[in-house]
Amino acid sequence: MVEFTVPEVDYTRYTNRQLAAVPLAVLAVALLVIGGWYVATGAPVNPGVDFTGGTELRIATDAPQSEVAAAFDSQPESIRSVAADGTYVVTFQSGSATSTELQTQAEDAGFEVRSIDAVSANFGGETQLLALGGLAVAFAGMSVLVFAMFRSFVPSIAVVLSAFSDIVIPVALMNLFGIELSLGTVAALLMLIGYSVDSDILLNNHVLRRSGDFYESTARAMRTGVTMTLTSIAAMIVMTIMATLFGIQLLAAIGTVLVFGLTADLMNTYMLNVTLLRWYKFEGVTR
């Protein structure tokens with residue numbers, strides 16, 4: 001049986017500025033990507049059919065992708081091949097055509113329509129407001145709870161800043177990798193709030209509330225926290241691969257966003273959060 005051990009990091013070799021520079025630089029780049037995307041497209045991240053409205057067809061055919069696109073009067077928004085069962089998932093934006101018209105065009109071309117899902121533009125807009133509102137409320141509630149737990153500004157802001165970065169970085173990567181904002185990716189962002197707070201509170205509790213010096217407490221927290229996060233990343237990678245092979249776009253998107261966020265969480269927790277806690281323990285408390 002293979003044994004996994006988390007290597008200890010000698011934090012004494014690095015200054016607070018050196019440790020904080022990398023996560024803050026990555027956060028700044030992520031914010032620039034999101035800001036640039038907003039200027040270019042009018043939205044910080046591309047919304048999917050769940051929020052803009054549209055129609056999604058799953059068709060079975062041996063035809064090439066170009067022939068699938070040519071079978072419809074309206075230009076498809078996207079065409080994804082599902083190799084596992086020989087189907088295509090064809091997506092149309094709202095207003096392109098009715099679901100009945102698209103189904104008729106697909107059948108006239110000799111394609112077998114396995115399933116068809118349609119979302120109206122009005123319903124999609126309302127769903128987007130509810131989903132993003134829920135994300136904002138969840139983040140605000142998490143922030144209030146963290147401040148109530150620690151009742152000290154620096155440890156609390158360390159957790160909140162790490163959680164904020166854990167959400168912003170995946171959103172920027174969603175833009176770069178062409179992943180649209182959907183109900184699935186919003187759910188993944190909500191899960192990231194929980195993952196982030198979990199590892200950050202674990203670190204804060206070991207450093208602030210348990211015996212031992214700062215570096216011993218940090219090492220103990222890392223043994224548990226890093227193992228937990230790497231296990232989650234491995235599970236999400238497997239889920240993403242399997243979901244992609246079988247054409248389950250929702251699970252593939254959730255898994256990809258979670259891998260982005262959990263990887264960012266390792267950096268933010270054990271570089272940025274550790275930096276703020278070390279400053280608080282050795283400099284902030286004495287002031």
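Quick reminder: no glycine exception, Cβ is built from N, Cα and C everywhere.
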One side of the membrane in Swiss-Prot: Tyr11 and Leu208: yes
Sequence-remote partners of the transmembrane segment (19-39) [C-beta within less than 8 Å, at least six residues beyond its ends]: 11, 45-46, 165, 168-169, 171-173, 175-176, 264, 267-268, 271-272, 274-276
